[in-house]
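A.B. asks: Following this message is one structure expressed as structure tokens.
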Amino acid sequence: MSEKQALEDTKPNEDQSVWKADSDNHVKLEGGDAAKPNGDSSEGNGSEGLQATRLYHRRWVIVFLFSLYSLSNSYQWIQYGIISNIFTKFYGVEAFTIDWMSMIYMLTYIPFIFPVTWLLDKKGLRVIALIATALNCAGTWIKVASVRPNLFSVTFLGQFCCSFAQVFILGMPSRIASVWFGSEEVSTACSIGVFGNQLGIAIGFLVPPILVPNVDDMDELAHHIRIMFYITAGVATVLFVLVVFVFQERPKIPPTQAQATARSIPPEQYSYIASIRSLLRNKPFMLLVITYGLNVGCFYAVGTLLNRMIIVHYPGEEVNAGRIGLTIVIAGMVGSLICGVWLDRTKTYKQTTFAVYLLSLVGMIVYAATLSLGHLWVVFITAGVLGFFMTGYLPLGFEFAVELTYPESEGTSSGLLNCSAQVFGIIFTICQGKIIDDYGTLAGNIFLCVFLLIGTIMTALIKSDLRRQNANLQAKAAVSFEASQGCSALFVCLLGI
């Protein structure tokens, strides 16, 4: 499907759609809306720089489809780690080797994110979505062929393909939100995009311990692993087909004045290298890059090592380890959606980011202190509190970054955030794993608490420079000025009569 054909598919019924001003006074139209004419808000009004904007119902299909294929990919990140003791036995490898089945997601991201964001800027969302789902689908089928004790290298290759696909997925929520959604929806849309990633991790914590029980018979164990891999491959294949026929590059008419302005920049004036340099010179954004990496890196470490931490204090509780991970992520999904709606209503980006970061630190301290008490129900509660804030922080970081870096590409800013998270994730996972082996789980979790404290202090130092909001406010001011001019002209005409 060509981009032109795809764009035409979203064209609303012109007989039932009219121009109207939204709450930010940028001009928009949503297919199927009742007629509410506002004659002076069209492009022909003579207002320089004010461009037509429009919302399409299809935007919800796009963001939910993205969430689904993001789910399929993120599920596989923790697929091995949450039952690491079982895969260690099946493939005859060390626990640290199985840890790398999760860390390969982090390591692959670091060198490939920059060429992928360049490709995003050059080719757009649809090409990136097609590559992501194709790689994810290929990786799942490679895993299907790897269910033999002597084929660990094959299953690692399949996991590498899925980790490569993640590079084309992880930073996309803020880009999709900006390209498709109105200024009052971007944070909520970004949260929905992140929601899919979190739900996939939640399923990754829950399903593998159920599908693959810890049995001694290797043939029976291979049978259970094969079933799990076949289910994953089937879902990934369906999602790839859906992306081929449904996923669209962008709406024909932009949703906001900020996006209209970004589209108006000629391609020859855009330089990816210059964009990177501009972001690296942006001090508030670079502080956010470090603090985001510290927070999300701690989450990656906790998720990767959760099975080991739970088994130390609660032997034989592999299934409950998965349920605790599920609790962390489900609570974080709720936190993400609440934070997204809150940001759309209040626009308090720095205040909300700082509050959630501080509460993530508190949650980590409480979790570390209660893990070894011997009561699983307490661990469920404290893990849920930790997840609500630590995982709920993810969309906050994305949206705050877009505000600090507008009009730079959302894919580039998100890519730098995620690159930082992967670097810290690898460091924290390796270091915490060694500390747990040598000194126990409490020392390992205190190690993470120290870095969350550093991140909280640094977050307080970030200057709140909301550039995207300022661009939309300028559009609002332009419309208000135009309206006042029109009223003045009408008043003069009436006086003349």
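Every residue, even glycine, has its Cβ placed from backbone N, Cα and C.
According to TrEMBL, the feature compositional bias 'Basic and acidic residues' maps to 1-14, 21-33. Positions annotated as domain 'Major facilitator superfamily (MFS) profile' by TrEMBL: 62-467. Annotation comment: TrEMBL describes 1-46 as region 'Disordered'. According to TrEMBL, the feature transmembrane segment maps to 60-78, 98-120, 127-145, 151-174, 186-207, 227-247, 285-303, 323-342, 354-370, 376-396, 416-436, 442-462.
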A.B. asks: Counting only residues 6 or more past its boundaries, what in the same chain has a CB within less than 8 Å of a CB in the transmembrane segment (323-342)?
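C.D. replies: Apart from its flanks, the transmembrane segment (323-342) reaches 78, 82, 187-192, 194-195, 198-199, 201-206, 302-303, 306, 310, 348, 352, 356, 376, 379-380, 383-396, 399.
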A.B. asks: Going along the chain, which residues at least six beyond the ends of the transmembrane segment (151-174) come within the CB cut-off of under 8 Å?
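C.D. replies: Residues 66, 69-70, 73-74, 76-77, 80, 91-93, 97, 101, 104-105, 107-109, 112-113, 116-117, 125, 128-129, 131-136, 138-143, 145, 186, 189-194, 197, 395, 398-399, 401-402, 410-411, 413-415, 417-418.
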A.B. asks: Any chance the transmembrane segment (442-462) and the transmembrane segment (285-303) are in contact, meaning at least three CB pairs closer than 8 A with a sequence separation of 6+?
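C.D. replies: Result for the transmembrane segment (442-462) with the transmembrane segment (285-303) is yes.
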A.B. asks: With CB pairs under 8 Å as the measure, which of the listed stretches 98-120, 186-207, 285-303, 416-436 comes out on top against the transmembrane segment (354-370)?
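C.D. replies: So the stretch in question is 285-303.
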A.B. asks: Can you find at least 3 Cβ pairs under 8 Å between the transmembrane segment (416-436) and the transmembrane segment (98-120), where each pair is 6 or more residues apart in sequence?
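C.D. replies: As far as Cβ distances go (cut-off 8 Å, pairs 6 or more apart), the transmembrane segment (416-436) and the transmembrane segment (98-120) touch.
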A.B. asks: Near the transmembrane segment (285-303), which same-chain residues lie under 8 Å Cβ to Cβ, leaving out any that are not at least 6 residues past its ends?
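C.D. replies: Apart from its flanks, the transmembrane segment (285-303) reaches 77-78, 81, 102, 106, 201, 205, 279, 325, 328, 357, 360, 364, 386, 390-391, 393-394, 397, 400-401, 404-405, 413, 416-418, 420-425, 427-429, 432, 448, 451-452, 454-455, 458-459, 461-462.
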A.B. asks: In the same chain, who gets a Cβ under 8 Å from the transmembrane segment (186-207) while lying at least 6 residues past its ends?
C.D. replies: 59, 63-64, 66-79, 82, 169-170, 172-174, 176-178, 180, 228, 256, 303, 306, 321-326, 328-330, 332-333, 336-337, 339-341, 343-344, 391, 394-395, 398-399, 402
A.B. asks: Report the listed stretch (98-120, 127-145, 376-396) having the maximum count of Cβ pairs within less than 8 Å of the transmembrane segment (60-78).
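C.D. replies: That would be 127-145.
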A.B. asks: Roughly where does the domain 'Major facilitator superfamily (MFS) profile' (62-467) sit in mean pLDDT, to the nearest integer?
C.D. replies: 88
